[in-house]
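Q: Residues annotated as domain 'Acyl-CoA dehydrogenase/oxidase N-terminal' in TrEMBL: A:12-124. Per TrEMBL, the feature domain 'Acyl-CoA oxidase/dehydrogenase middle' maps to A:128-219. The domain 'Acyl-CoA dehydrogenase/oxidase C-terminal' annotation in TrEMBL covers A:231-378.
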Amino acid sequence: MDDLLRIDDALSEEQRLIRDTVKEFVSDRVLPHVGDWFEDASFPARELAPALGELGVLGMHLEGYGCAGLDAVAYGVACRELEAGDSGLRSFVSVQGSLAMFPIWKYGSAEQKEEWLPRMASGEAIGCFGLTEPDHGSDPAGMRTHAKQDPSGDWILNGAKMWITNGSIADVAVVWAQTEEGIRGFVVPTDTPGFSAPEIHKKMSLRASVTSSLYFDDVRLPAAAVLPGVRGLKGPLSCLSEARFGILWGVVGAARACLESAVDYSRSRVQFDRPIGGFQLTQEKLAWMYVGLGQSQLTALHLGRLKDAGSITPRQISFGKLANVRAALDIARQARTVLGGNGITLEYPVIRHMNNLESVLTYEGTQEIHTLVLGEALTGIPAYR
Amino acid sequence: MNIVVCVKQVPDTATERKLRSDDKTLDRDAADGVVNELDEYAVEEALRLKEAHGGEVTVLTMGPDKASETIRKALAMGADKAVHLVDDALHGSDALGTSYALAQTLKKIGFDLVVLGSESTDARTGVLAAMLAERLGVPQLTFANKVEVNGTSIAIQRVTDYGYDKVEAVLPAVVSVVEKINEPRYPSFKGIMAAKKKPVEKLGVADAEIDVAQVGLAGSWSEVADFAAAPPRAAGTVVKDEGDGGVKAADFLASKKFV
């Protein structure tokens, strides 16, 4: 399919090479199998993580500790090509790099960084991020998970987290908990006694991705387990801004995969003696999908440039996450109709992306919360509660 | 060991490839350029030889400015430096002219071993390795699916219809590789970032002491007389199996001289 607006011409040679490399990897290692992973509700993280590490995907936008140090646009392009494979793959990478490695890299002690970052960059160690709780999703400030220091200085962690990507397969969890001095982050090795992470089953979305609950039952952590560099909700929120940036690029890839599939199908599927792509109703669908795709791509590129300039704001990221996920979901649903009955099978990527995007619409700030962020930006009146 | 890998930028085989109506050469602007697939295997083999025996891998490309993308990919895979032979006078060179231009450049930059893919996906002549070796006056070891270097001697397995030949020679030499030889690595992100800083030397025809009468469209010994679009695929023949399907299939294959 033609990049009609030639948006990728704006990429540098390195950014294009990163695009092509990830695309090739996804085409070789993911696309032949992802339909089966989705059907079997499995994700071969232990096989993929070292390969992704070797490529330099894990923590790609961080500097040092074996990370590649990519600029924001290159990071975005890589997320786009990963999610053109599957949102589950991109989620794995986002969680590893932006939610687990980023807080250690940004707020961790020298020891925490040395212990975890090189192993996480290589894919030897897998990380997860515990913020959302069963009763506190959009309202994380109300979290009930708490940590208390006993007289020895050790932290005792109790509580539960939910909807945690990579939870059951992680070697380390970055867990946010209430303390007497406000919300703090903790680096929790998952083999610590009292830690458990049962997998959440019966999902109809992000099936090629591991989702878990985390339970902390008197988990005893050394004083050095706390992230020294941040206090309060701004810690986890800053991680989410990183990850949301990856999402607003990533969903462009999922949307593109759906449109490509719909275009191919419409050109070869014959009804009433002509390809259905020759019917005006189909062309209208395809044309609007193309418009939506181009607009979300431009939004992503613009926000990437703002991020590289160091001036991006959380509100701008909310705009991108809201607009691009919505556009991608609309494109996926339209593509599904073009494919007719075939649109519901895993022989084609469309229903997989469509179902995945239902999760993406909700996680990392629901569309409702991002809507309220923009509402507040316009009116000056917060409407969250 | 000083290894030079010749890589060529070709139009993406996944897109529709076109010839230009004015001079009947390949329309390089009509499709995205990619590294000729077999040349990626050549780069991989050169990197493995370097990893085993030490030395340096230099990428050599002849092509327009746009071919720098191809150089960048080879550097990102791990090659150390590159030479880009770029000059309008080279436009339209056939295999003979290309082999002359590359040979002149190779004489200038020096080499112990030249590695290249056994053919390109655009022109598909498959003769460049032989021509290069002849022009350089060194042994040619072509269609290799295995390469072993021991000191100054080199041995390959040359793929044939009946299996393989063992071919041995003394360096310097030219080797062409087939796709069975290895599995090319992906350029890593760190490799991609590092490639920016690797030296790329641009040479024109004068720098490489190339006689312009022997290159370009005018200097070529072969020319494209005419071309036409491939005819649309005709509808297939449907053969009904009425208990004699096997016979009909065999007859069909015999009519096409397959059996």
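Using the three backbone atoms N, Cα and C, a Cβ is placed for every residue, glycine included.
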Q: Just give the helix, strand and coil counts over the domain 'Acyl-CoA dehydrogenase/oxidase N-terminal' (A:12-124), going by DSSP.
A: 84 helix, 4 strand, 25 coil
Q: Can you give me the average pLDDT across the domain 'Acyl-CoA oxidase/dehydrogenase middle' (A:128-219), rounded to a whole number?
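A: The answer is 97, the mean pLDDT of the model over that range.
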Q: Counting by DSSP secondary structure, give me helix, strand and coil numbers for the domain 'Acyl-CoA oxidase/dehydrogenase middle' (A:128-219).
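A: Going by DSSP assignments, the domain 'Acyl-CoA oxidase/dehydrogenase middle' (A:128-219) contains 6 helix, 48 strand, 38 coil.
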Q: Quick check on the domain 'Acyl-CoA dehydrogenase/oxidase C-terminal' (A:231-378): DSSP residue counts for helix, strand, coil, in that order please.
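A: Per DSSP, the residues of the domain 'Acyl-CoA dehydrogenase/oxidase C-terminal' (A:231-378) fall into 122 helix, 4 strand, 22 coil.
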